[in-house]
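Visitor: Take this structure first; my questions come after.
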Amino acid sequence: MSIPSLDYRLFSHGDPAQRQQFCEDLVKTFAGYGFAKLRNHGLSDERVDEAFSYSNKFFNLPLHIKQKAKHPEAPNPHRGYSGVGQEKISAITGFEKGERSEVRAAELRESWDQGPADDELYANRWMPDEDLPGYRSFMESFFVECQTLHQSLLQCIATGLSLPSDELSSRCAKCSAELRLNHYPATPASSLASGACRISPHSDFGTITLLFQDSVGGLQVEDQQNPGVFLPVEPDDVHEMIINVGDCLSRWTDGRLRSVNHRVVSPTRLPGDADVMIPERHSLAYFGKPSRDEVVDSLPLFVPEGCKPKFADRWTALEYNQSKLMRTYNVETAAQG
């Protein structure tokens, strides 16, 4: 399986026919693969390089500095620095299928999370600016750039589905998205030999995820023709964006667009020697999400006449998000906010 690569410039600078074709191709790719590669997405190479530079600087800070903006042990607020092993994505493997394993595998990853600068429910957690000058200013502006692209892609999907262009983007008008920096420290291959992953198989919570990964590799996506088989998504270019469908968008479309399991393991090109050191890996992920009070059931317009909706439990986006966060941070209850 090879993830299709789409040229966003056909939409942003194309004629009406090219714009329509891009929208239809995006829908077709998301329906078949759940993932796509996106080039000419509008975030400049310089901005992406600067984001990776800040990620590297942040994670190289002494632990006591990073912990000035420490993520709480509880799920909320989902903000700030999480140390290696604090968040356990293995706890939500199979969540959408109703499979709730109690096995919480070791995951070799630390991360940083932030939300909108004006979020009244969950404030961001920042270190003093002198600890990493320019970090907060850059991250806040990069967040806005990602949000703008996210909304545009939702409009593309709606257009590709022959819906009003704001049918989906309007449901995300009050931003509750998150921007995450991930760092996977260098580790011996033997540390992944017993079933541990850099990040366990999971699907994303929200609408569309925008991802940049460095050149190390290790991202794998479940083959939709062969469930349980994971295939590598090798980075062609660190400036290329990988986008994928999240659970809420899949639910809205009654499963027409696929929210697909993915994971991060040892890069396939490395030898199988247990003594080999797997190099450190960085990724940047923007998790688009619905407005918190939006219901994330199947939308009636996607349910065939005479059929029952696949998703009809009346969860709001916030409730759905919390139901997964409570498991990843090993907490059984959390404030709904």
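Heads up, residue numbers simply count up from 1 along the chain you see.
Quick reminder: no glycine exception, Cβ is built from N, Cα and C everywhere.
When I checked Swiss-Prot for this same protein, it listed these features:
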BINDING   His202, Asp204, His262  Fe cation binding site
BINDING   Arg281  2-oxoglutarate binding site
DOMAIN    175-290  domain 'Fe2OG dioxygenase'
Visitor: Say you check the Cα of Arg281 (2-oxoglutarate binding site) against those of the binding-site residues His202, Asp204, His262; which is nearest?
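Guide: Ranked by Cα distance from Arg281 (2-oxoglutarate binding site), first place goes to His262.
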Visitor: Can you tell me how the residues of the domain 'Fe2OG dioxygenase' (175-290) break down into helix, strand and coil by DSSP?
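Guide: Result for the domain 'Fe2OG dioxygenase' (175-290), in helix, strand, coil order: 10 helix, 44 strand, 62 coil.
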Visitor: Over all shown protein chains, what is the count of other CB atoms within 10 A of the CB belonging to His202 (Fe cation binding site)?
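Guide: Excluding its own Cβ, the number within 10 Å is 22.
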Visitor: Might you list, by sequence position, any residue in that chain lying six or more from His262 (Fe cation binding site) with a Cβ less than 8 Å away from its Cβ?
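Guide: Listed in sequence order, they are Phe35, Pro201, His202, Ser203, Leu219, Gln220, Val221, Glu222, Phe230, Val233, Asn244.
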Visitor: Tell me the Cβ contacts of Asp204 (Fe cation binding site) under 8 Å, same chain only and six or more apart in sequence, or just say none.
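Guide: The list for Asp204 (Fe cation binding site) reads Asn244, Gly246, Asp247, Ser259, Phe287, given in order along the sequence.
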Visitor: State the mean pLDDT for the domain 'Fe2OG dioxygenase' (175-290).
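Guide: On average, pLDDT over the domain 'Fe2OG dioxygenase' (175-290) sits at 86.
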Visitor: 10 Å Cβ neighbour count around Arg281 (2-oxoglutarate binding site)?
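Guide: A count of 24.
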